[in-house]
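> I grabbed these lines from Swiss-Prot:
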- E138: active site, proton donor/acceptor (ACT_SITE)
- K112, S113, T114, Y115, A116, R117, T136, L137, E138, Q157, Y173, Q183: dCTP binding site (BINDING)
Amino acid sequence: MSIKSDRWIRKMAEEHGMIEPFEAGQVRFNDAGERLVSYGTSSYGYDVRCAPEFKVFTNVHSVIVDPKNFDEKSFIDVIGDECIIPPNSFALARTMEYFRIPRDVLTICLGKSTYARCGIIVNVTPLEPEWEGHVTLEFSNTTNLPARIYAGEGVAQMLFFQSDADDVCETSYKDRGGKYQGQRGVTLPRT
């Protein structure tokens, strides 16, 4: 497997709809000239943006967190240009971008250092071959202070790894009917 460059990312997005909407360059400023957390195509990756819909974890109902039987009341919905995550808590969000991963590609997501340096960790599982959808993002606030996440700005970087032509997977995410295939919006745990 080899990591793919900006040229490959642009080609796959523009000719095959791998990323929609797609930004061919790096965006660092908004229309008013204010600095943003960058997003768009980088040398060997794509920096995704957070959509303006969040689910912030709350313990107001004192439910048990169970991935096999997840209670939606564990979250408060927040819509807006920013989201405040309580100390030592987390929030779910989604990418603005919709992904269509080719059969011979595995995509790994890493958090941006701008957030990591503030104690905010982004977690996403790999985007498997032939998976498609909005990526659900998990933001952990590891600090004992409230933390702010910005919608419409960069939050994580996707790295694309392509297998050799003679080593394409036998069974893709789509082939096995993965439970998160085609997800739109912030998607909670499914079993």
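Quick reminder: no glycine exception, Cβ is built from N, Cα and C everywhere.
Surface or core, plus neighbours and distances: that's what I need for these features.
Less than 8 angstroms from the CB of E138 (active site, proton donor/acceptor) sit F90, A91, L92, V122, N123, V124, each of them six or more residues away in the same chain.
T114 (dCTP binding site) carries a helical DSSP state (H, G or I). Cβ environment of T114 (dCTP binding site): V37, G154 lie under 8 Å away, each six or more residues apart in the same chain.
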> When a 10 Å sphere is centred on the Cβ of Y173 (dCTP binding site), how many other Cβ atoms does it contain?
20
> Just to be sure I understand the packing, how many Cβ atoms besides its own are within 10 Å of the Cβ of T136 (dCTP binding site)?
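There are 20 such Cβ atoms around T136 (dCTP binding site).
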> If you count, for each of the binding-site residues K112, A116, the other Cβ atoms lying within 10 Å of its Cβ, which residue has the minimum?
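With the binding-site residues K112, A116, fewest surrounding Cβ atoms within 10 Å: A116.
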